[in-house]
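Enquirer: Relevant sequence annotations retrieved from TrEMBL are reproduced here:
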type	residues	note
TRANSMEM	7-30	transmembrane segment
TRANSMEM	42-62	transmembrane segment
TRANSMEM	83-104	transmembrane segment
TRANSMEM	116-136	transmembrane segment
């Protein structure tokens, strides 16, 4: 397949791939919660929620708005777009760090959810954030 054909097909197949990766991440989490012998506290759900929120945050920015040729009639607002992206990436990495923290907590304690629940939380965050980045690269305003 030609490289130009791949670039032309990416806006068509990219959202489907992003949805499949997002669904896989959610499936890992649902499987871990359903198969857990102990009740999973609500706080274990928060990294996945915040990862989804971070993906929504950085998908609200157009790729064209970050370039050097960006023009806004509302003064110099390029720094606002970059600040919004920075905050969204901070939220995404904090959610991933929270999921890793719960993985360590679940692996070290005998009571509470199993280590699989912590592993599934990390996999959910990674898949959600990767799906958000896949969608961000393939969508356009055309």
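Quick reminder: no glycine exception, Cβ is built from N, Cα and C everywhere.
Note: TrEMBL annotation is automatic and uncurated.
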Enquirer: Please give the sequence-distant neighbours of the transmembrane segment (83-104): residues at least 6 beyond its ends with Cβ less than 8 Å from one of its Cβ atoms.
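Expert: Same-chain residues near the transmembrane segment (83-104) but 6 or more away: 43-44, 46-48, 50-51, 53-55, 57-58, 60-61, 66, 115, 117-119, 121-122, 124-126, 129, 132.
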Enquirer: State the residues, same chain only, that lie 6 or more residues beyond the ends of the transmembrane segment (116-136) and have a CB under 8 A from a CB inside it; answer 'none' if no residue qualifies.
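Expert: For the transmembrane segment (116-136), the sequence-distant neighbours (Cβ-Cβ under 8 Å, at least 6 residues beyond its ends) are 14-15, 17-19, 21-22, 24-26, 28-29, 31-33, 35-36, 40, 44, 47-48, 51-52, 54-56, 58-59, 61, 63, 92, 95-96, 99-100, 102-107.
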Enquirer: What same-chain residues lie close to the transmembrane segment (7-30): Cβ under 8 Å, and 6 or more beyond its ends?
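Expert: Distal contacts: 48, 120-121, 123-128, 130-132, 134-135, 137-140.
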